[in-house]
């Protein structure tokens, strides 16, 4: 059985542990393809995991936030806020009454949530809105807490000296008194917000790494996200072999990790955009008609209880990520060709165990098929090294 890894920086867990039966995994001792022939002459058991230097607070470079607030979308319509509260209540677990709202701005949705009796933690990155948000919590007996914090910049990779609105989630949650729940239990809290106008894709990748490694907010359990994202990005998130042009590694990883529901769609024009210091931004003439007319989708992302198994864990998830990135870099290739380049394990044996055809293309596999493929290779018993990888794929986002 797997256990969440604690006490190590999130990107070092793979180099510290290999897990039973994994003498060779990505990031600790996986074979680079260019070295395989030479290594095979003396056996791949020569590879051993090495613990990288611990990059703690004292050793990391000083990183002080230069917070330049980007334009953000805000909910300013009471009608929209009432609609969202109704949708959220229909889908809310009765045991979870705690909402973490990201950048609530003028607090229209905040007030609507409070009126339902929910407890709300408002994480606001713009100081201009904080006095008004704090005034909403008067005489509510602690139902509302306001923190100067940017949810989308929690737990920076190169943290050193950190100051608000940049924060470390562990310290934030401790100060708020939020307790962790086991992965098999319920939802400890629900996050509500709107993805940044820019870098939606990068934010989705960052959250994926946190989810699969059980770090950052997911250290506290199966945190549920209720986020507005662009319609185009939602279509990519839900893509599968039926729409291959949109299908990608990001689609597979989110669908494997979470139950995904579309709760609501709202025109882009329903949201106001504020710039620095809470100033309302006027529409620009250069904005295309297509951008203004597109919808934002409120998407609920609930981590699956059965995401982790004996063969897919918070320790080896990076290998799964790498497998998918490599597959979708050559999306028109046949599965058999990918198997030869991904692993020294007998490709025909893998096909037999997964009941897949030799000529099947990689884009014909559904997300559950990719997970099955990964676990089948991981549980192969007769191979010391199970994975091959290319250096250039390590930090690539596809």
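Yeah, the Cβs are placed from backbone N, Cα and C, and that goes for glycine too.
Automated prediction, rather than curation, is the source of TrEMBL annotations.
Noted in TrEMBL for the protein shown:
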type	residues	note
BINDING	75, 124, 150	S-adenosyl-L-methionine binding site
DOMAIN	80-275	domain 'Ribosomal RNA adenine methylase transferase N-terminal'
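Overlay of TrEMBL feature records on the structure.
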{"residue": "75", "record": "S-adenosyl-L-methionine binding site", "Cβ neighbours (10 Å)": "25"}
{"residue": "124", "record": "S-adenosyl-L-methionine binding site", "Cβ neighbours (10 Å)": "25"}
{"residue": "150", "record": "S-adenosyl-L-methionine binding site", "Cβ neighbours (10 Å)": "20"}
Record-listed S-adenosyl-L-methionine binders 75, 124, 150 have a maximum CA to CA distance, in Å, of 17
